[in-house]
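Copied over from Swiss-Prot:
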- 19-52: zinc finger (ZN_FING)
- CYS23, CYS26, CYS44, CYS47: Zn(2+) binding site (BINDING)
- 131-207: repeat '1' (REPEAT)
- 227-303: repeat '2' (REPEAT)
Amino acid sequence: MLSAAPKPTPQNKKQSFYNKLWCMVCRIQDPDIIEDYAKGDLICRGCGVVVGDRIVDEHSEWRTFSNSESTGADPNRVGGPINPLLRDSALSTTVGKGSKDSGTLTRLQNKSALGTGDRNLLAAFKEIGRMADHMNLPQTVQDRANELFRFMDDKKSTKGRSVDGMVAAALYIACRQEHLSRTFKEIAALTNVPKKEISRCYKIMKETFASVLNLQTISSEDFTSRFCSTLKLPNDVKKGAEHVSKMAMDMGIVAGKSPISVTAASIYMVSQLSPEKRTQKQIADVSGVSEVTIRNAYKDLYAKRDQLIPSDSPYFSQVQYLPTN
């Protein structure tokens, strides 16, 4: 008994943009469904019930056939995989090669096979893939960005907007959702889209998703590990910076400061206590915040330095030697 969840309503929009499989026995929100490719069955791992059978494999044919027949026919039984993000699921026919006029027919057929909307979506998805590859982002982030852009396109919110800007903003949100946060400056540097344009498109997307997505507040810990890695700082400095930034946020010392500036200031403070010192300029180049911003945040941390550095830390004895700014 295979069933799909109903289309999103104002009550369940927050869960997903697409239909999900549902086990009528377990009746849990996210059932653990596995697929038996040999038998074509969908099985609930929780209760063992077969929730679907005779499932058609929608992936591309993976076997390679030798073209030994004189007819020259292609024995592959399917084309590309179905793309659920396209309005017609990318199902279409193609003109085979053969006569001298087939090239013209193929171009005309490809132009008419997809509607204008789907052609625009395909172009956007291709750009998302290119940017994601350039940023070394995992497939999960790319898939999430595709979903976000498709949702915006359905809402007609992409009309009159910069496609590159909307794509970059979708990647920014997708990174946050997948706990791989990137700054606007990082996205701008890697996508060649102006920072202001990304910020503007992000605000538009955030307003559109206000009733659908819960964008969690960025924490300083989201950036500490990556910044320290780029600065080639040892693990003890990274852990110390994470502790300082968390304590500063919990104590309300840096109220009103952005998590990125707090992270940068925390890394600067702990690095000054260690043999692996880094300048404010070096940290500014990596974090994307100005040296002035780092200094202002550092002043707040410096005022409470004895409380931020634990007494059992190997760096505690060096607190008195911290620079004042």
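Glycine is no exception: its Cβ is also placed from the backbone N, Cα and C atoms.
Annotated features, which come from Swiss-Prot, shown on the structure.
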residue: CYS23; record: Zn(2+) binding site; Cβ neighbours (10 Å): 21
residue: CYS26; record: Zn(2+) binding site; Cβ neighbours (10 Å): 16
residue: CYS44; record: Zn(2+) binding site; Cβ neighbours (10 Å): 21
residue: CYS47; record: Zn(2+) binding site; Cβ neighbours (10 Å): 14
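Break the zinc finger (19-52) down by DSSP state and the numbers are 0 helix, 12 strand, 22 coil. Here the repeat '2' (227-303) is broken down by DSSP into helix, strand and coil counts: 57 helix, 0 strand, 20 coil.
Compute the center of the Cβ atoms of CYS23, CYS26, CYS44, CYS47, which mark the site for Zn(2+); besides them, the chain residues with Cβ within 8 Å of that center are MET24, VAL25, ARG27, ILE28, PRO31, ASP32, ARG45, GLY46, GLY48, VAL49, VAL51.
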